[in-house]
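Structure first, commentary second.
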Amino acid sequence: MPDFYLLVPLVEGQLSPQKEKRAVKATGQAAHGRSGFSDSNSKWLAPAKAKKTQPKGNHVELSSDGEVEEGSWEMEEEEEEDGSDEEMVDDYGASSSEDEELLPIEKAALKQKPDRECLSEDDSEEEDEEEEEDEEASKQKMGQKEEEGTDLQLNLDIDEQFKLPTNEEIEKEDILLSVTSPPDLHVIHQRIQGNMEVLQDFGVKREEGRSRQEYLALLRRDMAAYYSYSDFLLTKLMDIFPLPELINFLEANEVPRPVTIRTNTLKTRRRDLAQALINRGVNLDPLGKWSKTGLVIYDSTVPIGATPEYLAGHYMLQGASSLLPVMALAPQENEHILDMCCAPGGKTSYIAQLMKNTGMILANDSSAERLRSVVGNLHRLGVTNAVVSNCDGRQFPKVLGGFDRVLLDAPCSGTGVISKDPAVKTNKDEKDILRCAHLQKELILSAIDSVNAASETGGYIVYCTCSIMVEENEWVVDYALKKRNVRLVATGLDFGKEGFTRFKDRRFHPSLKCTRRFYPHTHNMDGFFIAKLKKFSNAIPQTQKDEEPAVEAAAPPSVPNTIVTEPLPKKKKLEGSKADEEQKLPQPALKKKRSLQAQRRPFKVVRPSSKMMRPKDLARRKKHRVKANGQ
């Protein structure tokens with residue numbers, strides 16, 4: 001659209017009051033610094049006249065938007081400003097009363113407003129049409145993308161309803177996996193999500209004629225392929241967690257846990273240690289309200305395991321979950337404490353700092369190689385109340401006993417620390433779990449026997465594992481409750497999930513609610529199990545009769561010529577009752593009954609003895625013997 005200009009004549013002396021004020025202000029600034037007011041200088045108060053610069057004719061140029069072109073107006077000032085710091089306020093477009101007269105430029109601008117509104121309406125209509133066209137084009141593009149996405153979404157209908165693949169499709173996938181091509185993780189992940197949606201509302205979204213077991217079998221197969229777990233371990237995990245929580249657990253195991261350190265209060269304070277590490281370029285925060293010594297490390301410009309503070313023993317690299325068993329043990333000063341499986345020494349040194357290097361700690365481990373790291377850490381951290389021993393924990397009560405408290409961090413399958421050791425996903429089976437559970441049962445009984453129930457301050461046992469399997473945790477503790485005079489007490493930890501009191505077809509003691517479970521997806525720490533036991537008697541209870549019959553029935557009797565005395569009274573009672581019945585019966589009925597019993601009895605071939613034989617028969621036998629000897 002071509003620009004047009006409006007010629008407006010200039011009328012001298014036609015200024016708005018605002019322009020007059022501005023002129024007065026300008027003259028006042030120019031006159032600043034002169035002598036006072038007098039008749040000779042009364043012109044200072046006169047308003048400056050607006051003067052137009054007319055390079056090309058006597059007219060004012062306006063653009064199509066009604067704005068004045070630059071340089072069209074200039075105020076004539078008598079003298080220059082003297083450099084004052086007052087800000088100049090632009091009063092263009094300021095509001096004025098209705099009685100004030102408008103400048104010709106302003107009138108022309110008002111006349112052009114309707115024209116511009118008409119033009120803007122036309123432009124807006126054109127813009128709306130363009131927007132509609134863009135929306136249609138975008139819809140077409142989205143439709144194309146959706147069509148392309150349907151090729152990737154396996155087993156999903158137009159209504160996004162999940163359908164189970166047929167056996168032929170599964171066999172084809174197995175063949176492709178066995179040959180060369182890797183699994184399509186995107187397709188598997190979509191199938192896992194669709195399967196989960198169906199299982200959460202199974203009654204509505206399931207396929208007709210398909211059972212829940214088929215959906216679960218496919219889900220287990222897909223998760224094993226997507227997360228690289230063995231079928232055995234996934235089956236165990238599906239028994240422990242609900243399905244939505246299981247996905248969160250598997251995802252959490254793919255991410256490493258935060259790096260945490262424990263302040264050694266034997267040598268420094270947490271505040272001083274944090275400041276020293278921050279000065280070295282370490283980004284850290286306190287671990288949590290539940291810990292007074294822990295720090296979590298986000299990133300660092302220096303290696304955390306090689307700083308001068310680490311070498312000086314001011315802190316220990318230790319997982320957050322490893323602090324919890326010592327807090328549950330709550331060691332007191334001047335106590336005798338046994339750490340039955342102490343390597344690599346993090347829990348032992350934490351016990352020592354809580355005891356302030358008083359009393360005595362027996363740090364035991366069955367591996368001599370791992371004890372080297374224990375000795376090094378204890379020296380570096382300044383622990384002086386510990387004795388290191390290399391013994392089998394199962395034989396330990398015979399070696400030394402009478403401790404106030406015992407900490408048993410039992411060896412386990414490691415299913416709670418998969419983020420640290422991904423090999424656990426595939427190298428564990430049922431035999432490994434049962435083998436660990438058997439060893440743990442032996443160790444927990446030895447730990448209980450090593451505690452003195454008469455201790456004034458102690459008598460406690462803390463059992464913990466870095467496993468989440470029920471066979472290694474609640475099952476073992478429930479076994480200890482039956483075999484020894486102990487009871488479960490509160491761990492003293494404010495967070496964590498309660499232990500199982502029932503799992504599948506097994507029922508455990510109700511007090512197992514006092515135990516605590518920790519998971520990576522809920523507490524952002526390694527999976528852990530903690531139970532605290534209180535021993536109330538040093539006597540070992542005898543085995544319960546309810547448990548023995550099953551064992552005795554399986555084992556052969558130890559003494560061959562045993563005489564069973566219990567069934568005899570019953571036999572006498574039966575014989576007595578039969579005799580009473582026979583006496584009550586009449587004689588004819590009694591004879592008939594005895595004849596029937598004789599018929600039912602089996603015939604026995606009895607060899608006659610010499611006493612029962614007749615004399616003739618004896619003589620014949622003697623003659624036969626004599627003839628045989630003569631021949």
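From the backbone N, Cα and C atoms, a Cβ is placed for every residue, glycine too.
What TrEMBL says about a protein is an automatic prediction, not a curated fact.
There are 24 other Cβ atoms within 10 Å of the Cβ belonging to Cys466 (active site, nucleophile). Sequence annotations record features per position, and here TrEMBL assigns active site, nucleophile to Cys466.
Annotated S-adenosyl-L-methionine binding site per TrEMBL: Cys341, Cys342, Ala343, Pro344, Gly345, Gly346, Lys347, Asp365, Asp392, Asp409, in sequence order. Taking a C-beta cut-off of under 8 angstroms and a sequence separation of 6 or more, Lys347 (S-adenosyl-L-methionine binding site) has the following same-chain neighbours: Ser322, Pro325, Val326, Asp339, Leu407, Asp409.
Residues or ranges marked as compositional bias 'Basic and acidic residues' by TrEMBL: 108-119 (among others).
The compositional bias 'Basic and acidic residues' annotation in TrEMBL covers 137-147 (among others).
Here TrEMBL flags 574-584 (among others) as compositional bias 'Basic and acidic residues'.
Under the heading region 'Disordered', TrEMBL lists 18-153 (among others).
According to TrEMBL, the region 'Disordered' annotation covers 543-631 (among others).
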From the Cα of Asp392 (S-adenosyl-L-methionine binding site) across to the Cα of Cys466 (active site, nucleophile), what is the distance in angstrom?
20
Take the Cβ of Asp392 (S-adenosyl-L-methionine binding site) and count every other Cβ within 10 Å, whichever protein chain it belongs to.
13
Just how spread out is the S-adenosyl-L-methionine site if you go by the largest Cα to Cα distance in Å among Cys341, Cys342, Ala343, Pro344, Gly345, Gly346, Lys347, Asp365, Asp392, Asp409?
20
Taking only same-chain residues 6+ apart in sequence, whose CB is under 8 Å from that of Cys341 (S-adenosyl-L-methionine binding site), what do you get?
Asn364, Asp365, Ser366, Gly393, Leu408, Asp409, Ala410, Pro411, Leu443
